[in-house]
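**Q** Would you mind keeping the following structure in view while I ask a few things?
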Amino acid sequence: MSGQPSGNPSGPRPTANGVGASGMASSQQRTDPQVGSSTSNGQSGSMSQSNLNSIVIEYLSKKGYSKTESMLRQESANQDVEGRPVNTKAEETGGAKYGKAFGLMQSWIEESLDIYKPDLRRLLWPIFVYSFLNLASDFFPKDSGHFFESFKSGFGKEHEDDLRALQPISMPEHVLNNDTAKIYRSNKYRITLSQVAFLNLVQFLESKEKDGGAVIVGVIQSYLQVITIDRVADDQNSLARLLKRARANEDYPAEDEGIPGHNPGSANVDRSAGSTVLTRLKLGHMPLESDLMGDVRAELDEEDAKNPPFTGQDSLIQHFEQRIKREESEDAPTRSELQLPPSIARDVAMEVQKVKEDRDRFKIEGRTGGVGPGVSVTMFTFHNTYDSINCLDFSEDNMLVAAGMSESYIRVWSLDGKALPTTVQPGSTEQPPSASRRLIGHSGPVYAVSFSPSIASSNPHAPSTNSKHLLSCSADKSVRLWSLEAWTCLVVYKGHDYPVWDVKWGPFGLYFLTGSLDRTCRLWRTDHIEDLRMFVGHDKDVDTVCFHPNSAYVFTGSSDRIVRMWAVANGYPVRMFTGHTGNITALACSPNGKMLASADDAGTIILWDLGPGKLKKRMRGHGKGGIWSLSWSVESTVLASGGADGTVRLWDIAIGNDASGQGRVIGEGGVGQKIDGNAAQMQAVAGAGTKKKGKDVVVTSDQISAFPTKKSPVYKVRFTRQNLVVAGGAFLS
């Protein structure tokens, strides 16, 4: 037995069929010395293994064991020359499978059509993260490190913080203890793709199933929430928009992309935010329709020909082109999202006049050498009201002012003292023309009035751009739409269950907002009798409301001391601002759409940065009793405020103040005395050693000036389009 060759075929048995193996050994005795000499010479047994498989297959074929023969042929096809199994699928290659699959997908995406690349590239980051974490958790430290270093370069600009947090991971315990890894592994990554791009992806992965497609499909099914959307005309996923996005080579995440608590596309950059996700906002200006833009250009060219600009002054068409270029932004909503009607001739006339006023306005560039801009304030005081005025509003064409009365009616005056226009024929039973009108219809005190959007026009041949309608809300739980031509009520809107505190027109004159004691804000459309949206979330009544300049968002302020921001398209809340110590009494969004000012009845104004949803600064100067109105300059650099303390105050937005917003204690001076920021600081320094008195107030350094009235609480302040402040109040008798 010691002389028996070690390579005897009866020794190794590569197949489970023992009968076949023993029969083969007895019939092939002549091959034994050759096999034995091969092994004894120290060479590999590969020839033996390969020949053995062939011999067994031949034997099974002769004996008619077709099923066993088929199985052995299949196994032999997936073995190397030494008998070890050969991996023919990417998912069978251990840790290297993720690198092979990711590289395959990355190459395919870069070779795809340009219109689909921006969407498909969004898939690379989540697949990269989850593949890397799977390698580490499956105990492939070398493979995970190689994978990370090989593919991280494409994500450095957008996901720098995440890459820094994930780089130390190489072991399963690292995955369990790393905060960023835990967030990714415990949540699905949300991503939105166009339907065509997603179908192309699925077809590719199915065609490359053995080359790595199955690995990518497994990652997508386990860790991604893919939302597919159709491509429609004039939508953010239209062919034109996809082509523009491809040319722009965007490198920021799309809206709603990411995972709760750690969304790269979110404005919330706080790692400890839990499940809070701040949606990326579309704060850009609403783009003009192409037809409207063409008509406006034609009108401006004609106007420039009639009235050439002065030396050194831009022409109207030049100013218009500069403004359009400045306002172009990818984060702007489309008209289809808000369902706005097509433009008409009146819209052309309004846009032309806006360009004129914007070019010729008094420009507020900010502080110069520590001196604030010289903004003028015109104050309209109402006498003999017997404390019956609840609210005021000025029309944007600077022609009318309306007051809501506690006696349930509305009174409208012309600011120039001329008779109000009317469409009523002479000789009728209507009252003769006069400088004021009463609008009667409510059965309770009127709490808010709002003029429809308008602008003063100097062209008598152009369509009228004056205010044509007025909205009012009342304790009778209704909102009324009034005609300022026929001076009668056109529509009564009912839906609120309790008194309605506030009403505001939208920027385009079609939608309007209401806030009520029933804790809801409602969105209405003038041609619909019922509300379109109901914004619910406040714990107490909604006291004040306002629109974003592009009309895509609305803001609500409540007695629960919280300001909320809502998306008009779907009614979802997108921001919540907390920090006030009193009830919210006034809201105003900046013309550039990036900031919000909110005021409370404790005399504090807070500026909010809408993008990141953060508090920008606090401004103090008003006495207690409530700040009832806020308004921004055209440049969004100065804020005007008015309230119960009988003052109109101007604030510098650019200048900072101390972090606490406490400011300095100063004396408010005598009645009718103008106070500016520099004088306030000098007075504070001079009286630093004096004791604080009851009439003293705290003023922060960003106050430019204050204009006290004699005895008139200020109900309304408004910046005109030429940066003049118009204010109104009632004299307390």
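A Cβ is built for glycine as well, from the same backbone N, Cα and C atoms used for every other residue.
Taken from TrEMBL, the feature region 'Disordered' covers 1-49, 70-92. Annotation source TrEMBL lists compositional bias 'Low complexity' at 34-49. Sequence annotations record features per position, and here TrEMBL assigns compositional bias 'Polar residues' to 70-79. The repeat 'WD' annotation in TrEMBL covers 382-423, 439-485, 493-534, 535-576, 577-618, 627-653.
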**Q** Looking at the repeat 'WD' (493-534) and the repeat 'WD' (439-485), are there 3+ C-beta pairs under 8 A, with each pair at least 6 apart in sequence?
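**A** Yes; at least 3 Cβ pairs under 8 Å.
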**Q** Out of 382-423, 535-576, 577-618, what stretch is closest in contact terms to the repeat 'WD' (627-653), meaning most Cβ pairs under 8 angstroms?
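**A** The stretch with the most contacts is 577-618.
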**Q** Based on DSSP, tally up the residues of the repeat 'WD' (627-653) by helix, strand and coil.
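**A** Within the repeat 'WD' (627-653) the tally stands at 0 helix, 18 strand, 9 coil.
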**Q** Is the repeat 'WD' (382-423) packed against any residues at least 6 beyond its ends, judged by a Cβ distance under 8 Å, and which are they?
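**A** Counting only partners 6 or more residues beyond its ends, the repeat 'WD' (382-423) has Cβ contacts under 8 Å with 430, 433-451, 453-457, 465-467, 470, 472, 474, 476, 482, 484-487, 715-716, 718, 720-721, 726, 728-733.
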**Q** Would you list the DSSP helix, strand and coil counts for the residues of the repeat 'WD' (577-618)?
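**A** Within the repeat 'WD' (577-618) the tally stands at 0 helix, 25 strand, 17 coil.
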**Q** With DSSP, how much of the repeat 'WD' (535-576) is helix, how much strand and how much coil, in residues?
**A** 0 helix, 24 strand, 18 coil
**Q** Looking only at the repeat 'WD' (439-485), what are its DSSP counts of helix, strand and coil residues?
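**A** Secondary-structure composition of the repeat 'WD' (439-485): 0 helix, 20 strand, 27 coil.
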